[in-house]
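Let me begin by presenting the structure, written as structure tokens, before commenting on it.
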């Protein structure tokens, strides 16, 4: 080569490597979200790495050792640039080394075909071999490598790489794929040791570059799809958790709406819903209104805590006379409403009288310091198909019994 061409190449090679290095760390910075670029870092690392190449060339080291040293330098620099994260540093270093080595091998093989030179003239023997032409494909390779990095920063490939960086388990898989591609390219560097000027070896080198590019892409693409599936599974799990939490909250609200906290009985809302259902389905039933006798006097004389004990005692007593399919509700302050499907008023009246007698006995025991009893009124669904009317009938009979009790008490006094 003429002196002018050698001078131009000598100038272009460090410039193209600086471009390669700048594009590489721009890729790392963008995909890792590291903020503004650091020009000083780019200049220092580019200088160190280029000096490494020069020293390896002057020492005429085998290309395998040359690129191994470059990989270790690049991974170390990336590790500190990313401020930690060994897997991420190795991943980006593999991208840099695979891209740089692939385009270099490709350019060396293509140029060797064009100018009909053996691949041995493109190895690291720049001192002992005056016909060494590696500077041309190396400069072109660094330039094309930088262009590839610029492409990888674009939205679609960038999104895939960002997704992969967020999944350590799938990133490990890609690192294994890249290691395999890296070793495969290293084996292809052995072809630069032959002096044979055969087309087959050069085409083999080009084929290897295509194979590594396709293999790396497919490995990253597959891992990214696995990441998407993992994200979908995680989102699905979160949605299920949210639905479960919402269902539990709804059940809690439903329980609060349907269950009285003091007595544990159902509430008025539940009683009216069940009553409406029985009427709609035409199921025969009886209802019973029960009202505590003298609750106000107990509250006034013994306190509201005693009144609560009174309510709980009545709820427990009435629960004892209700079967599995029968419903006891606290309808109001001192009123209970019980629903008895498929039962007559006579049967229910007998049960309620027994419950009243049990309460009175408990009120006379040492367990309670106040008398207890209840008044009740029973109605049957055959008397009316209107819910309000049926409740009115039972309520009227309950107050009639309460008034009768009051009259008997006045006569006794």
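Cβ from N, Cα, C; glycine included.
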* Matching range for TrEMBL feature annotation, transmembrane segment, among 40-58, 116-134 -> 40-58
* Quickly jot the same-chain residues contacting the transmembrane segment (173-192) by Cβ under 8 Å, restricted to those at least six beyond its ends, or write none. => 62-64, 67-68, 71, 87, 90-91, 94-95, 97-98, 101-102, 105, 108, 119-120, 122-123, 164, 201, 204-205, 208, 211-212, 215-216, 219-220, 223, 226
* To do: Take the transmembrane segment (64-82) and find every residue of the same chain, 6 or more past its ends, with a Cβ under 8 Å from one of its Cβ atoms.
  => 24-25, 28-29, 32, 34, 41, 45, 48-49, 52-53, 56-57, 88-90, 92-94, 96-97, 100-101, 124, 182, 186, 189-190
* List the helix, strand and coil residue totals of the domain 'GGDEF' (283-413) as derived from DSSP. => 74 helix, 26 strand, 31 coil
* **Within-chain partners of the transmembrane segment (89-115) [C-beta distance under 8 Å, separation at least 6 from its ends]** => 20, 24, 27-28, 67, 70-71, 74-76, 78-79, 82, 121-122, 133-134, 136-138, 140-142, 144-145, 148-149, 152, 164-165, 171, 174-175, 178-179, 181-182, 185, 188-189, 192, 199, 202-203, 205-206, 208-209, 212-213, 216
